Amino acid sequence: MSYSNKEISSLIVDFLNNAISQKAVSDDNADSLNVAIDCITEAFEFDRDDVKSIIDSKFNGKSLAELLASGSNSTDSGNAQNVKVNIPAEDAEIKTKAESLKLEGNKAMAGRDFSLAIEKYSEAIQTLPTNAIYYANRAAAHSSLKQYNEAIQDAEEAIKIDPAYSKGYSRLGFAKYAQGKPEEALEAYKQVLDIEGDKATDVMKRDYETAKKKVEQSLNLEKTTQVETTENRDAPEATSDNAEGAANPFAGGMPDMASMLGGGLGGGLGGLLNNPQLMQAAQQMMSDPNAMQKVQSMMQNPAVRQMAENFSGGNGGMPNLDDLMNNPAIRDMAGSLFGGANGGNQSPAKEDEQK
């Protein structure tokens with residue numbers, strides 16, 4: 001009967017476990033044996049907890065020492081069974097040293113000494129450069145220091161060594177996401193789920209969903225931006241004339257007073273105050289410092305004061321509005337005031353002339 005490497009390795013692990021539990025070695029050497037056990041179980045892909053069940057089912061519960069003793073007796077009687085053992089190509093001593101360095105790196109990671117962790121993982125890689133785990137662990141350390149380019153390189157090397165090692169893709173996805181590349185991160189996390197299948201953990205699924213949500217948000221934002229750009233491009237541009245007209249109702253010059261007054265002045269002063277166009281013109285003029293300055297300047301003119309007295313009849317009564325608006329001087333003064341509210345389109349020389 002032949003046995004698999006995993007079954008034979010379980011005998012060795014059981015032997016080492018017994019040596020530790022029976023204190024057959026010192027505490028320092030016990031630590032070394034634990035490292036050796038970790039190396040063996042990882043290399044042949046089984047857990048310590050599986051050892052007893054393997055020995056019970058394959059070796060009838062007999063330990064390595066018991067099997068060797070039984071084999072010796074069988075050899076003496078001529079009934080020995082040949083046990084096929086496949087010797088791994090990697091040197092056990094090198095493997096043990098590399099694993100010891102990896103464990104030191106793990107301790108440094110637990111202590112958040114990421115630089116030391118990178119150093120130890122690098123030494124492990126130099127000792128045994130064919131182990132994908134060392135590269136994936138170093139990628140995690142690089143990401144902890146936000147060295148994402150280095151993390152990506154290590155993750156890709158881990159994938160190259162062992163395409164079925166899901167942590168290589170997981171480390172790659174994390175670094176890509178941190179670099180603001182959710183699409184590439186999503187692709188890496190999908191590889192993790194494909195490799196793990198039903199064994200995928202909640203953390204693996206959450207990483208995938210996080211990247212997926214980010215990609216969807218990016219697509220929605222891009223779509224919204226494209227729509228807004230199209231709308232802005234198709235919208236009519238405001239002309240300078242429209243802009244000026246909106247800011248200044250008198251940009252075209254003096255308003256038509258006859259039109260504003262409804263073709264006559266029969267309504268008297270009350271009618272003027274109720275005229276929305278005239279009130280708007282007055283408000284515009286009063287809010288213009290230049291126009292108000294002109295009013296003050298005109299009131300200093302003796303001719304203007306005399307004209308005002310003439311129209312008032314000298315008795316304090318209301319002026320005749322028809323005569324007032326038909327007076328050329330008043331029309332010129334109104335033209336100067338309302339025309340000056342055109343944003344400064346008139347030249348200074350023209351303003352001096354009107355004064």
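Glycine is treated like the rest: Cβ placed from N, Cα and C.
Annotation comment: TrEMBL describes 4-69 as domain 'SGTA homodimerisation'. Across the domain 'SGTA homodimerisation' (4-69), the DSSP tally of helix, strand and coil residues reads 52 helix, 0 strand, 14 coil.
Within the chain carrying the repeat 'TPR' (98-131), a Cβ under 8 angstroms from the stretch's Cβ atoms is held by residues 32, 35-36, 38-39, 42, 90, 137-138, 140-142, 144-145, 161, all 6 or more beyond its ends. Taken from TrEMBL, the feature repeat 'TPR' applies to 98-131 (among others).
A Cβ distance under 8 Å defines the sequence-distant neighbours of the repeat 'TPR' (132-165), meaning residues of its chain 6+ beyond its ends; these are 42, 98, 102, 105-106, 109, 112, 114-115, 117-118, 121-122, 124-125, 171-172, 174-176, 178-179, 195. Residues annotated as repeat 'TPR' in TrEMBL: 132-165 (among others).
Per TrEMBL, the feature repeat 'TPR' maps to 166-199 (among others). Long-range contacts of the repeat 'TPR' (166-199) within the same chain: residues 132-133, 135-136, 139-140, 142-143, 146, 148, 151-152, 154-156, 158-159, 205, 207-208, 210-212, 214-215, 218, each at least 6 residues beyond the stretch ends and with a Cβ under 8 Å from a Cβ of the stretch.
The region 'Disordered' annotation in TrEMBL covers 217-251 (among others).
Feature annotation from TrEMBL assigns compositional bias 'Polar residues' to 217-229.
The feature region 'Disordered' is assigned by TrEMBL to 325-355 (among others).
With DSSP classes pooled into helix, strand and coil, the tally for the repeat 'TPR' (98-131) is 27 helix, 0 strand, 7 coil.
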